[in-house]
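Chemist: Annotations for this protein, taken from Swiss-Prot, read as follows:
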TRANSMEM  37-57  transmembrane segment
TRANSMEM  73-93  transmembrane segment
TRANSMEM  102-122  transmembrane segment
TRANSMEM  129-149  transmembrane segment
TRANSMEM  167-187  transmembrane segment
TRANSMEM  189-209  transmembrane segment
TRANSMEM  240-260  transmembrane segment
TRANSMEM  283-303  transmembrane segment
TRANSMEM  325-342  transmembrane segment
TRANSMEM  352-372  transmembrane segment
TRANSMEM  374-394  transmembrane segment
């Protein structure tokens, strides 16, 4: 059966040779007409709650730990367990039913919140970091599981998940400020409120999400027939014409994964051996994992190592204090992420390396400015930071959209979960790079007579 982006439920980039506005509107209308609203709502909530807890626990843990522990240690406690979970779990988690997984993740999330909240305000750093670790385990396991779950519910579920994860950054950053500042609950009270949030995932999975697609689950990675596929459904990369991917301006030629999956195909039993999954993961590295890893290394190095030093004289900015720069950069970044992670129903990017390399260019540009101070206005930096968020969100959601579209159905569930290790791996690498770069860049700026980064600490 021949499939292309034009028939997969994903839209080409407007203005490309294979698209017209009339055709584009027709496809868009068809996509939403065939989308189950309950699926969209459930996956949007999955993405929101799974990621908002990550943001909320990190913010609260930093406040509770105070100055006794470097921020980098808290960051690594929040990222490393998630990375290790995504690295290991795809090879055995397929034996655990989704209902059991979600129950465990909800319990871990609640426990993480409660452990951090119950720890004494002074000291008990190890206990607080334990709470962060529990929340990180839940976040990592949740991401790879919910991405795998989109295999059963189609492209609409993936778009909703991506939008929810993008919204989590904005909502999470604002929620902690509202709870601690506006409402005045304090750190502990805010965490206790946060411990209730995982119940939303319970409602979404058992109360909102249609369970029909999961009724045939047999305790392994499952193949789901494509809409309109014939019973004998001989699907694979061999059946996709070489020009099928050309429906978007950024589309590459035949997928790099095509040959790999042709050679490493394990059959259509729906269950895969450990070594079969290892071969699948190797086939995913260059077409999907590497561009996602690159974009995360670049953007989180910017966020953690470079952005804190992108400071201008206050009379040349809209701010009254130097410490106001970084939160606003974070807001612009999260806004860009939310927009681009919500964009796959409208715009698709097929060549994942292009935005990844553009993100690396952003890192180089902003690092050079931190050293040489050549960008004349902070408003230009605002544009670059917003662009950074757009690129990062676009690579994330389009990576999984490409897997959904190009990887054979019998390999897709594993591939969606296994590829998620790249984002946590990129954050871990960037965490180490960022700690070193922030210190070095600040020292360099002070030596050049620009001591703005030191004034943040004094604020």
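In case you wondered, yes, glycine gets a Cβ from its N, Cα and C as well.
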Chemist: Please report, as numbers and ranges, the same-chain residues at least 6 past the borders of the transmembrane segment (167-187) whose CB is under 8 Å from any CB of it.
Modeler: 44, 47-56, 59-60, 63-64, 117, 193, 327, 330-331, 333-335, 337-338
Chemist: Which sequence positions outside the transmembrane segment (189-209), separated from its termini by at least 6 residues, show Cβ-Cβ distances below 8 Å to it?
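Modeler: Apart from its flanks, the transmembrane segment (189-209) reaches 38-39, 41-43, 45-46, 48-50, 52-53, 56-57, 60, 98-99, 102, 105-106, 109-110, 113-114, 116-117, 138, 142, 153, 176, 179-180.
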Chemist: Please report, as numbers and ranges, the same-chain residues at least 6 past the borders of the transmembrane segment (352-372) whose CB is under 8 Å from any CB of it.
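Modeler: That would be 250, 287-288, 291-292, 294-295, 298-299, 301-302, 306-307, 309-310, 381, 384, 387-388, 391-392, 394-395, 398-399, 402, 437, 441, 444-445.
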Chemist: Contact between the transmembrane segment (37-57) and the transmembrane segment (374-394) is defined here as three or more C-beta pairs under 8 Å separated by at least 6 residues; is that satisfied?
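Modeler: They do not touch: fewer than three Cβ pairs between the two stretches lie under 8 Å.
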Chemist: I need to check the long-range neighbours of the transmembrane segment (37-57): which residues 6 or more away from its ends have a CB within less than 8 Å of a CB in the stretch?
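Modeler: Hits for the transmembrane segment (37-57): 78, 82, 105, 109, 112-113, 116, 131-132, 135-136, 138-139, 142-143, 146, 149-150, 153-154, 156-169, 171-173, 175-176, 190-191, 194, 197-198, 200-201, 203-205, 208-210.
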